[in-house]
Ligand code: HEC
């Protein structure tokens, strides 16, 4: 009986640590992917204002204008292509942070690794709100 108890104890220890390690990782994954087609959170007017301000302060306007294509697509066209939804806000904000290419043409968009996800989401909220105007 003793001989069995020791390996059993070890196995339980290992399982315990595996559990402890996978739990936070699983949490991160759900935060990142969030492909839930849930109803979009209501657009907060404050986020639109802040997003617009953040865009002005960053380098975005060197390549984007609201109504005309420059290096990147016009923001009005982006808003037409992507209806405002939680999934699209996540998608576009991660493209702004990580860079993207192939959706609008051959020219890629540079990554913006210094942006926080929260700020990028506000920028996207502003851009997608253009559709309503
Ligand atoms: C160096 C030029 C450049 C800068 C600076 C730039 N973009 Fe872009 N952006 C592009 C190009 C080019 C594309 C099209 C990429 C593609 O075809 O997938 C694009 C695409 C986008 C899209 C649409 C992505 C898609 O997949 O449909 C959004 C939204 C966007 N940019 C927002 C921003 C924001 C916000 C900033 C500032 C933080 C920014 N861009 C800065 C060139 C730029």
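The backbone N, Cα and C atoms fix where each Cβ goes, glycine too.
All TrEMBL annotations are machine predictions without curation.
Features as listed in TrEMBL:
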type    : residues    : note
BINDING : 60, 64, 109 : heme c binding site
DOMAIN  : 46-131      : domain 'Cytochrome c'
SIGNAL  : 1-20        : signal peptide
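One way to see the shell of the heme c site is to take the Cβ centroid of 60, 64, 109; the remaining same-chain residues with a Cβ within 8 Å of it are 59, 61, 62, 63, 71, 72, 96. Under the DSSP three-state reduction, residue 60 (heme c binding site) is assigned to helix. The average pLDDT the prediction assigns to the domain 'Cytochrome c' (46-131) is 96.
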